[in-house]
Amino acid sequence: MYSGAAAVAAAGSPRRDFISVTLGPEETVGVGGYNNSKAWRRRSCWRKWKQLSRLQRSIILFLFAFLAVCGVISYTSMGETWKSITNKSLDDQRTEQEIPRLKLANPGLLPAPQKADASHGDYAELSLQKPPKPPHVRRGPSNLQIKAPWRDTKLKTRHDTMRAVEELVEADKVEKTEKSIISWRGAVIEPDQSTEPPSSKITEPEKPSSVEAEDQKEPVPINERQLAVIEAFRHAWKGYKDFAWGHDELKPLSKSYSEWFGLGLTLIDALDTMWILGLKEEFEEARKWVANDLVFDKNVDVNLFESTIRILGGLLSTYHLSGDSLFLEKAKDIGNRLMPAFKTPSKIPYSDVNIGRGTAHPPRWTSDSTVAEVTSIQLEFRELSRLTGDEKFRKAVDEVMKHVHILSGKNDGLVPMFINTNSGQFTHLGVYTLGARADSYYEYLLKQWIQGGKKENELLEDYMRAIEGVKKHLLQRSEPKKLTFVGELAHGHFSAKMDHLVCFLPGTLALGAHNGLAADHMKLAETLIETCYQMYAQVETGLSPEIVHFNLHAQKGHKDVEIKPADRHNLLRPETVESLFYMYRFTGDKKYQDWGWEILQNFNRYTRVPTGGYTSINNVQNPSNPEPRDKMESFFLGETLKYMFLLFSDDIDLINLDKYVFNTEAHPLPIWVPA
């Protein structure tokens, strides 16, 4: 039955053929199944290639040939680029070895500081005798392309490789132009030293073309007296670094610190001094602190005047000398935070600003500001406007000067010491001095005129009138040596009192004479600097007190200088050394250097602390016990030692006074070049 049914089914349906193949594992491999071997993949690709049409195979071959040609061209181009970069680096090194130090061509840049040397001896070894002549020392390393310290390889981590290549290629292009190399002191300086591309708001200072070969000068080596200043600075810096790092001021005896604003005043004040002295290692570590730890966003009251001349001025000066935009950014930050001080009914700024809260106020005991404070912030804010393109800074301080220019209450150009922030009027009328609370008003009249290119006639007019007022009302001669000095006038009564602060005046008068003002200004400067020197020479320690009184009548056994017990302290002030620097720079008379050398030696004898630092003293009349006060003011590093170093230099291009003007804290700012 089964076979019959099968036959019927076969007869009634189409024929179907089936082939069944069963393979074991061994057989699968044997017939060429996929096993992921290299041989199998090659055969598979070849079969696919053969399956392509001739047109398809031709297109693919053409693409491969095209890519190969492009690769060869690219390799050749990159090879030439890297070859030019390598050649430039080698050429730079040869140039640095062969070219002698040249004249500074760009007033906005000084050479990178030299690396710290070993100590030049202990304080005990310093004496009035000249030490052995040092080896020939150049400012800056002789075989190193000059760049700001933070541009060293170890500090380039914040730049990516492509940026570095672009800078090198751009430098190679610039080198081919006539203005490509700005050379100074045996080193090549790249025109653009900033670590970041300038903001579109920033107006770059004018850069003069390279000096001609015939104008280039032979190098001026650092002399033994300058080396003594460097040693003194390092000793002071050691104390600050060991016991007060990042704080405002060192207390060298107690090996601690004091705070005023909590903004590292000593460090910021000393930045440009380190650059000028060539202390690369110290500068680099200070810069790191500024980059990582200097923060202005804190709830603290600062004095507008002091923070402007020390912090804002120090940052702007260091930016100009080094080219590092870090310092400009910090300057913009503090500048903006100080602006609330000008929000007063009269536009005469308050004395104090909370830089964290953005509020300002006068002192608790009065609504007055001192005239010197509100009229001695102009150089810094004007320069900040020039660099940033933001006119609000200059407008604020220019309004103050224009207001003071037309105020009544002056006496032949002499101004009172106080001005009210509400009414905008002078207060405490009838008292006139060139000492504390008024001194730098007169200094900044002249220096603003110089800074702005000698165009602002109101400033010059006020300065010239004030000097005539000094001659008429404040000049007297002492007995027995007939020293010319500047006293004070109080309600018509003359006082033979002269602050050490007044010793800024000889230097200012000399600066004015150098810039074309009356020749008798220089004669007066020469007589006044003699007086300031005698304020040191006639004292037992050879150091000047804070205030002296001059004898107007000859008395047996009395010197010209009398010192009251409350005035016999010395704060390591710079004013006399500052004027000595100007006088030597403009006259070349070596006696000014010798006077400064005596002062430095006496600082070392009576104020130097063995463990590091220098201290102000309470009694300049007691050599056996000058009574140290345990405080090193920031201006000792920012001003006193800086002016000492410049005084002992015979290089007029080391902060050229035709290119720079110093603020009242000894921070050099560029004189504006007419567009």
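Heads up, the Cβ atoms here are built off N, Cα and C, so glycines get one too.
Curation does not apply to TrEMBL; its annotations are automatic.
In TrEMBL this protein carries:
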ACT_SITE  Glu306  active site, proton donor
ACT_SITE  Asp439  active site
ACT_SITE  Glu546  active site, proton donor
ACT_SITE  Glu575  active site
BINDING   Thr664  Ca(2+) binding site
COMPBIAS  192-202  compositional bias 'Polar residues'
DISULFID  Cys503-Cys532  disulfide bond
REGION    106-143  region 'Disordered'
REGION    185-218  region 'Disordered'
TRANSMEM  58-78  transmembrane segment
Position of peak Cβ density within 10 Å, selected from the active-site residues Glu306, Asp439, Glu546: Asp439
Asp439 (active site) versus recorded positions Glu306, Cys532, Glu575 - nearest by Cα: Glu575
Cβ atoms near Cys532 (disulfide bond) (within 10 Å, other residues, all chains): 28
Top Cα neighbour of Cys532 (disulfide bond) in the set of recorded positions Glu546, Glu575, Thr664: Glu575
Distance check against Glu575 (active site) for the recorded positions Glu306, Cys503, Glu546, keeping those with Cα within 10 Å: Cys503
Spatial neighbour of Glu306 (active site, proton donor) that is closest, considering only the recorded positions Cys503, Glu546, Thr664 and their CA atoms: Thr664
Other CB atoms, at most 10 A from the CB of Glu575 (active site): 24
Thr664 (Ca(2+) binding site) to Cys503 (disulfide bond) - Cα separation in whole Å: 12
Intrachain C-beta neighbours of Cys503 (disulfide bond), sequence separation six or more, cut-off 8 angstroms: Leu528, Ile529, Cys532, Met535, Ser544, Glu575, Thr576, Glu578, Ser579
Cβ-Cβ neighbours of Thr664 (Ca(2+) binding site) (radius 10 Å): 25
